[in-house]
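As recorded in TrEMBL:
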| type | residues | note |
| --- | --- | --- |
| DOMAIN | 1-359 | domain 'FMN hydroxy acid dehydrogenase' |
| BINDING | TYR24, ARG165, HIS254, ARG257 | glyoxylate binding site |
| BINDING | PRO77, THR78, ALA79, SER106, GLN128, TYR130, THR156, LYS230, SER252, GLY308, ARG309 | FMN binding site |
| ACT_SITE | HIS254 | active site, proton acceptor |
Amino acid sequence: MALVSVRDYEQRAHEIIPRNALDYYRSGAGDELSLHLNRTGFDRLRIRPRMLQGGSTRDLTCTVFGERFALPIAISPTAMQRMAHPEGEVANAKAAASRQVLFTLSTISTSSIEEVAAATPNAPKWFQLYIYRDRQLTEGLVRRAEKTGFRAIVLTVDAPLFGLRRADMRNKFSLPPHLTMANFVGKAANIRSQGGSGINEYIAEQLDPTLSWEDVKWLLGFTKLPVIVKGILTREDAIIAADLGVQGIFVSNHGARQLDSVPASIEALPEIVAAVGDRVEIFLDGGITQGTDVFKALALGARMVFFGRPALWGLAVNGQAGVEHVLDILRNELDLTMALAGCKTLADITKDYVVHENYYSKL
């Protein structure tokens with residue numbers, strides 16, 4: 001069967017990836033209500049196309065922090081990618097570089113900061129940061145990212161502990177023995193089950209559960225890179241973050257893997273844009289599977305849209321080439337959506353183009 005959509009890649013990847021890794025990648029927290037909402041939240045939005053707008057081509061380029069990208073689509077940080085393909089994060093980053101889009105490297109990656117930087121020396125990359133109990137180790141990660149040319153730090157703020165991930169508990173998830181957390185040595189480099197979910201045991205031991213806004217101040221105080229906070233779902237937290245001086249906000253529910261029953265990222269986006277959209281860059285992560293999803297997120301105020309799982313599916317199916325094809329699919333779908341909706345540039349995609357399904361029930 002020809003692979004013509006992200007869903008096609010997802011289905012094929014599910015046949016390839018070993019169960020231990022697959023359940024880690026695809027599962028959500030609790031009963032997975034929020035995982036379902038990440039998809040249905042987009043489904044409940046309707047596009048209001050405008051006709052006869054003219055123009056035979058579209059400009060899909062965007063600028064973030066003074067850097068120009070070919071698309072308003074980027075790759076989210078996802079952990080332990082070499083479980084999906086031997087080249088892991090390196091292949092994913094090279095695919096992003098080849099398509100002139102942004103790649104974000106996870107702290108708990110199976111390819112190191114230095115390996116990814118060496119493979120994509122001139123390509124824009126961001127580094128996602130967890131704050132470890134050992135602050136010196138944490139600062140060292142940031143310094144390594146700065147030294148190797150990463151352009152921003154994405155601080156995850158919604159994971160002082162990892163969520164209730166029942167699939168990992170059932171599988172007693174462990175990182176395969178031939179892999180390690182490549183950014184670390186010693187205990188911080190290994191995820192092995194001690195009887196339950198190895199990833200939850202690792203996080204409980206290594207990350208700081210007392211994480212607070214003081215830690216955001218601490219990070220802002222020593223790095224010169226832009227700091228983006230990832231995991232914001234309320235206007236209240238968005239205002240605090242903007243007041244502290246962060247340069248960006250990821251509206252994200254962590255792939256619905258942390259607290260179940262939180263809103264879909266796309267549902268939370270409008271209130272955060274309304275609160276601080278004129279002060280910081282707003283990004284969205286969660287639930288993106290097709291070009292219409294990207295269009296809807298841009299219409300509701302996101303500057304750029306990130307996805308994680310679709311890149312993993314492409315990686316598992318065909319390595320770097322698979323990720324490149326996933327990006328090409330999303331690019332072509334966004335371009336077609338813009339053409340049929342009557343938008344020639346990203347600036348044309350305004351909130352007037354998208355309404356909730358309830359809009360039509362009231363007519």
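Here the Cβ of each residue, glycine as well, is placed from N, Cα and C on the backbone.
Here the structure is a predicted model, which means the values were calculated and not measured.
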Nearest-integer angstrom distance between the alpha carbons (Cα) of PRO77 (FMN binding site) and HIS254 (glyoxylate binding site): 10
So for ARG257 (glyoxylate binding site), how many other CB atoms are inside 10 Å of its CB? 25
If I restrict to non-local contacts, at least six residues apart, and a C-beta distance under 8 angstroms, what lies near TYR24 (glyoxylate binding site) in its own chain? MET80, MET83, ARG165, ALA167, ASP168, ASN171, PHE173, ILE199
How far apart, in angstrom, are the most distant Cα atoms among the glyoxylate-binding residues TYR24, ARG165, HIS254, ARG257? 13
Among ARG165, HIS254, ARG309, the most crowded of the binding-site residues [Cβ within 10 Å]: HIS254
Per-region confidence, the domain 'FMN hydroxy acid dehydrogenase' (1-359) (mean pLDDT, whole number): 95
If you measure every Cα to Cα pair among PRO77, THR78, ALA79, SER106, GLN128, TYR130, THR156, LYS230, SER252, GLY308, ARG309, the residues listed for FMN, what is the largest value in Å? 19
Give the number of CB atoms, excluding that of SER252 (FMN binding site) itself, located within 10 Å of its CB. 27
Work through the binding-site residues one by one (ALA79, GLN128, THR156, ARG309) and name whichever has its CA nearest to the CA of HIS254 (glyoxylate binding site). THR156
Name them in sequence order: residues not among TYR24, ARG165, HIS254, ARG257 whose Cβ is within 8 Å of the mean position of the Cβ atoms defining the glyoxylate site. SER27, GLY28, ALA29, PHE162, GLY163, ASP168, ILE199, GLY255, ALA256, GLN258
